[in-house]
């Protein structure tokens with residue numbers, strides 16, 4: 001009988017860093033999928049609400065997962081941590097004539113950066129939220145790759161993900177694409193910090209999911225059309 005990991009539950013007083021450790025522990029307990037078979041089909045273009053339904057299914061099936069599934073699970077399990085910012089970070093590396101891709105869920109709590117995820121390598125998944133800047137976090141991943149004899153080629157950074165599990169917005173997976181072959185070290189650092197600033201500005205503006213806006217438009221447009229028709233008839237009569 002294979003034990004099924006328990007989905008972490010938290011007291012309201014549990015500090016965010018402890019919650020993140022528990023979420024990472026749960027993701028790790030599901031284990032990395034070495035079978036070569038993808039158990040869950042994840043389409044990045046799906047709305048957030050659909051991906052959250054898939055994450056709920058993952059917790060029920062408790063099957064081994066890969067890095068993209070870990071990111072979706074990480075979003076699902078941190079949705080109630082409203083003071084935590086979550087955003088996807090994708091890596092493209094080169095090793096022994098081949099290219100490899102990996103993704104983690106970047107997190108920002110209290111101005112400190114970290115990451116959740118799963119990987120064959122321990123140093124390429126969880127990072128506690130202790131990094132003062134986004135560039136420090138990415139450079140730590142780059143150093144971890146270097147220890148695995150991988151050369152980091154590209155980094156793709158998404159924008160912050162909504163905390164509303166019923167949102168119909170799509171996750172923005174690659175707002176910034178940084179090609180290390182075309183950037184100096186300093187430019188790479190500047191672009192990372194520019195992305196971090198963009199995320200802070202977007203959060204500061206309180207950009208919400210598009211679904212309520214659509215609902216409001218639908219609610220308002222019907223009476224407007226109904227009211228507009230007699231006006232149009234009056235204006236035609238006036239012209240005649």
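Any Cβ shown, glycine's included, is placed from N, Cα and C.
Note on TrEMBL: of 155-197, 198-240, the range annotated with the feature region 'Disordered' is 198-240. Long-range Cβ proximity for residue 119 (active site), meaning a same-chain Cβ under 8 A and a gap of 6 or more residues, is found for 32, 67, 102, 104, 125. Around the Cβ of residue 67 (active site), 21 further Cβ atoms fall within 10 Å across all displayed protein chains.
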